[in-house]
Every structure is written in C-alpha cells, then in structure tokens.
Amino acid sequence: MLNIGIFGAPGSGKGTQSELISEKYSLYPISTGEILRREIKDKTELGKIAEEYINQGQLLPDYLTIRILVDLFDKVDNNKGYIFDGFPRTISQAKALDDLLKEQNTSIAIVFSLSVDEKELIRRLLKRGKLFSRKDDNLETIQNRLTVYREQTESVQEYYRKKGKLMEIIGKNSVEEVFENIVEKIDNLFR
C-alpha cells in the first residue's frame, strides 16, 4: 500500500498535483478541503460548522477533521493506498493519521511540501477566485489563510522531516515540471 501526503500553502498547486498522483498510481484521493466544500454545499451539520471556520480563513478543529477521515476510512474499501491532499495540517492530525494507518498495517511513505513564494500564491488565489467564485479567495481571507498556514501547518513539515519522509518540491514551475519531479521522487522509493 502506497500512502502519500502532499501539502503546501493555499494556491501552491497541491490539489492539481494530488489529482495527477492519484491517477498515475491509482491512489484513493483524500482532500479534506473537497470533502468540506461538499458538506457545505449539501448543508449538512458538519458543513454548517465548517463554513463558519472557512469563511474566516481558519482551520477546522482537529477533532472535526479527524472525524471526517475516520468516517471516510470506514466507507472506503482500498488496498492500493491514499493520496492525502492538504492533510494533515497539525501535529495532532499527523499523529492521528499515523495511528489510523497503523490500524490498516501501513504508514505514510512520503510527504511532499510544495514551496511557492507568497506573492505568487496571492496572484494564483486571486485569479482562482475570479475563475471559480470561491468566497475564500478574496485578498483579506487569502492573507489570513496564509498566516494560519504558516502558524499551524508548517510544524507538520518538521514532524515528517524528523521521520525522514519529507520531500520539499519547488512549486513555482509548470504543472508538468512539478509533477515530473514528484514522480521521480516516488519512483526512487522503489529502486
């Protein structure tokens, strides 16, 4: 079973790369962001709670995010592995993910961190906001999301670095170049 994590600041391209990785390696994609947007659209109880946090540019509390993951693991019959898009975002979530995967006799093989400078992130997110009309892609919310990311998420890099599983990838290049770099790193795991 191959389990891969991919994270980076909002606008770093992790969703796009996650889709490409999922297709190439037949991994089940898990994007807590996508799950939450679906819950919000469907106006579920979880969706209403999540919407309040997202509209303020805040991360959901760990217990809610982990609940989403546990529910998903219970529903999905998967033996190839997972690609975790934007998860985990905190040390607590990383440890919970380790425990959940251990119950399935597997673990995270590699975690990619996409690095893009802040000006480029803001440019990408403002462009995306115009294209897709996402409420959370306005300048004030974007700046708050980037601050929250730096404060709460970057510690996860250190967690995986200490485990020898972190691979930093320059995310400013073309989608194709970034993907080629990622594929090379994954394939090197099996050589």
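The backbone N, Cα and C atoms fix where each Cβ goes, and this holds for glycine too.
What Swiss-Prot records for Gly11, Ser12, Gly13, Lys14, Gly15, Thr16, Arg128, Asn173 is ATP binding site, and it gives sequence analysis as the kind of evidence. Contacts of Gly11 (ATP binding site) defined by a Cβ separation under 8 A and a same-chain sequence distance of 6+ are given as Val116, Glu120, Leu121, Ile122, Arg124, Leu125, Arg128, Ile142, in order along the sequence. Under DSSP, Gly11 (ATP binding site) is assigned to coil, being neither helix nor strand in the three-state scheme.
Under 8 Å from some Cβ of the region 'NMP' (31-60) lie the Cβ atoms of residues 15, 18, 67-69, 72, 85-87, 89-90, 135-136, 141-142, 144-145, 148, 152-153, all in the same chain and six or more residues away from its ends. Annotation comment: Swiss-Prot describes 31-60 as region 'NMP', evidence class sequence analysis.
Spatially close to Leu60 (AMP binding site) yet at least six residues away along the chain are Thr32, Leu36, Ile49, Ala50, Tyr53, Ile54, judged by Cβ distances under 8 angstroms. Annotation comment: Swiss-Prot describes Thr32, Arg37, Gln58, Leu59, Leu60, Gly86, Phe87, Pro88, Arg89, Gln93, Arg134, Arg145 as AMP binding site.
Annotation comment: Swiss-Prot describes 127-137 as region 'LID', evidence class sequence analysis.
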Notebook entry, point to check: Can you tell me how the residues of the region 'NMP' (31-60) break down into helix, strand and coil by DSSP?
Noted result: 21 helix, 1 strand, 8 coil
Checklist line | Around the Cβ of Asn173 (ATP binding site), the count of other Cβ atoms that are within 10 Å | finding: 14
Checklist line | Inter-residue C-alpha distance, Gln58 (AMP binding site) and Asn173 (ATP binding site) (nearest angstrom) | finding: 28
